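Heads up: the structure comes next, in structure tokens.
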Amino acid sequence: MSSHADSNPWTVPALAQAKRAGRKLVMLTAYDASFARTFDANGVDLILVGDSLGMVMQGHDSTLAVTTADMVYHTAAVARALDRALLVADLSFQADATPERALDAATQLLQAGAEMVKIEGAGHKLEVIRYLVEREIPVCSHLGLTPQSVLRFGGYKVQGRGEAGEQLRRDAQAVVDAGASLVVLECVPTPIATQISAELSVPTIGIGAGPGCDGQVLVMHDMLGLDSGHRRPKFVKDFLAEGGSVAGAVRAYAQAVRDGSFPDAEHAYAA
């Protein structure tokens, strides 16, 4: 049972209320008004304008080429279509290198219609998170596999196994202590993601992090089974195949997240 009336717009405080009520959060990426409107009307709680647009919209091999101007353009397009879902937008590569740069980029994104900005990593990013939150800008943290760090990681690999899992737990608590209102966990083994989700006071959103998170997110192209030109990750499921239409696929995805049937073991990583 939902603790949030379907007709009510989502707010940042409502996310924490959903966690306390045990209500799973449904998130998808979107990059234009048409898809965003469809997602908003069919049960999606949060829309992410991700820098993944560099790969699925622009054809790059990574997210590194995406600029703040790109993010502002797509954020504004999506924002015009939303009535209910809460809009989150990524800070692009190195836009959060310093607190001042992050404030400039985040201000542009909020002026374009975003209600929260997403920042990858912990470490020196903790200062950035605190700086933004102190200036009334809601922040979503992104931990685990952080795509902007692909060169350092040597590819898109599972993060948080073994001793790295303990560091991930510490990082997750640190970003919340710095003021993050939401934490995305990407490509993290199910046991550690479940443990982190239980420990944090704010919701976690998983992508390849198992069913123990407080919600799930997928890139829309992956959820619809579209060929992005890249190898399909283990955690991806084609909901268009069973939904029969884009709207049907979104409803099937939302229902599967809420009833806990997605992700299952086939779409998650073991310890």
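The backbone N, Cα and C atoms fix where each Cβ goes, glycine too.
Neighbour list (Asp90 (3-methyl-2-oxobutanoate binding site), Cβ cut-off 8 Å, at least 6 residues apart, same chain): Leu48, Val49, Gly50, Asp51, Val66, Met71, Val117, Lys118. Reduced to three states, the DSSP call for Asp90 (3-methyl-2-oxobutanoate binding site) is strand. Residues or ranges marked as 3-methyl-2-oxobutanoate binding site in Swiss-Prot: Asp51, Ser52, Asp90, Lys118.
DSSP gives Asp51 (3-methyl-2-oxobutanoate binding site) a coil state; it is part of no helix or strand. Within 10 Å of the C-beta atom of Asp51 (3-methyl-2-oxobutanoate binding site) sit 29 other C-beta atoms, taking all shown protein chains into account. Per Swiss-Prot, Mg(2+) binding site is recorded for Asp51, Asp90, Glu120, and the stated evidence type is sequence analysis.
In the three-state DSSP scheme, Glu186 (active site, proton acceptor) is classed as strand. Here the Cβ of Glu186 (active site, proton acceptor) has 24 other Cβ atoms within 10 Å, regardless of which shown protein chain they belong to. Here Swiss-Prot flags Glu186 as active site, proton acceptor, drawing on sequence analysis.
Glu186 (active site, proton acceptor) and Ser52 (3-methyl-2-oxobutanoate binding site) are 13 Å apart (CA-CA, integer value). Neighbours of the 3-methyl-2-oxobutanoate site: apart from Asp51, Ser52, Asp90, Lys118, residues of the same chain with C-beta atoms within 8 angstroms of the site's C-beta centroid are Leu48, Val49, Gly50, Leu53, Thr63, Val66, Met71, Ala89, Leu91, Ser92, His142, Pro147.
Other Cβ atoms within 10 Å of the Cβ of Ser52 (3-methyl-2-oxobutanoate binding site), summed over all protein chains shown, number 22. Over all protein chains present, the Cβ of Glu120 (Mg(2+) binding site) has 22 other Cβ atoms lying within 10 Å. In the three-state DSSP assignment, the secondary structure recorded for Lys118 (3-methyl-2-oxobutanoate binding site) is strand. Our reading of the 3-methyl-2-oxobutanoate binding annotation (Asp51, Ser52, Asp90, Lys118) yields a largest Cα to Cα distance of 12 angstrom.
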